[in-house]
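To start, the structure under review is shown below, and the notes come after it.
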Amino acid sequence: MLELLPDPMREPTVLAIPFFLTMLAIEWFAAAKLEHDDHEKDGPAPGAYETRDARASVLMGVVSIFTSAFWKILGLLAYTAIFAYLAPWHLPMDKWYSWVIAFVGVDFLYYWTHRISHRVRIVWATHQAHHSSEYFNFATALRQKWNISAAIVMWLPLPLLGVPPALVFFAYSLNLIYQFWIHTEHIGKMWAPFEFVFNTPSHHRVHHGSDPEYLDRNYGGVFIIFDRIFGSFTPERHRPRYGLTKPIDTYNIWTLETHEYVSIARDVKAADTWRARLGYILGPPGWTPENATRPDTEAACGEKTESRDTDAGRADEKLVSPPS
């Protein structure tokens, strides 16, 4: 079976798919047994599943396997050239410290890529689909973005510093596999020393929350220590409300992945000045010329907002539709 896959897809994330689906099925079954109803008065019950939502998440994950392979091929070509011709030294693949450097380096750059993804609208457009579910479960972990170009660019320092390109991608795959299990409401707070260093379900629930006090927090992949160092950590104080601050009322995976690009194009077209056009592209999500000069800009530009209401379609749309 593996020989049918191109080389960029023969990596741990793809090999872990049976594990992902098994854990998803177990959690879904447990949710059905533990929860009497998938909704409470203020939203989905903890750990609940909704069939259309979960199906959309899984389909988005399946498509991301192929789109990510495309970006990884481009990245591999660039990294190989940088590693071969520009790196002042080459770390040996067979030394333990090379693996540690690659793993920690990828997670450090993941933190900054993730932070930029929430604060620069054009990059947020690539990432917002992962936050679009109002449920928080193992299916949500599979609701992956289709455009990983920002990560490919952000990893460039690693091959430049002599990290073998194959090791960069392997470390990233391990990073993603780790993050699967933290997408659950069935695990509470863990051992305090572990919570201090590593990303956990409690920390990641905060990250997926659309509550004002939880916006722009807890960007870490494997380690939460970078959030503590750079001032973006917030502990879980109450159960979050999940999803975008302006929900996208659709299960159409094309719309979920692309609606923010459409909104950006519309805003840029309607803008009167180049400053406004650049603001709509490079400013934080929710940026407008009006709130750019207000003292409450940060509140007005919460990372899970869109600058205009979007006509995203209805929940009874087909799950997949071709681009118009």
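For all residues, glycine too, the Cβ spot is worked out from N, Cα and C.
Per TrEMBL, the feature transmembrane segment maps to 12-31, 58-84, 96-113, 152-174. Positions annotated as domain 'Fatty acid hydroxylase' by TrEMBL: 99-232. According to TrEMBL, the region 'Disordered' annotation covers 286-324. Look at TrEMBL and you will find 293-324 tagged as compositional bias 'Basic and acidic residues'.
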*Within the domain 'Fatty acid hydroxylase' (99-232) only, compute the mean pLDDT.*
97
*asked:* Quick test of the contact rule: Cβ under 8 Å, at least six residues beyond the ends. What residues does that give for the transmembrane segment (12-31)?
replied: 2, 5, 38, 47-49, 54, 58, 65, 137-139, 141-142, 170, 173-174, 176-177, 180-181, 184, 186
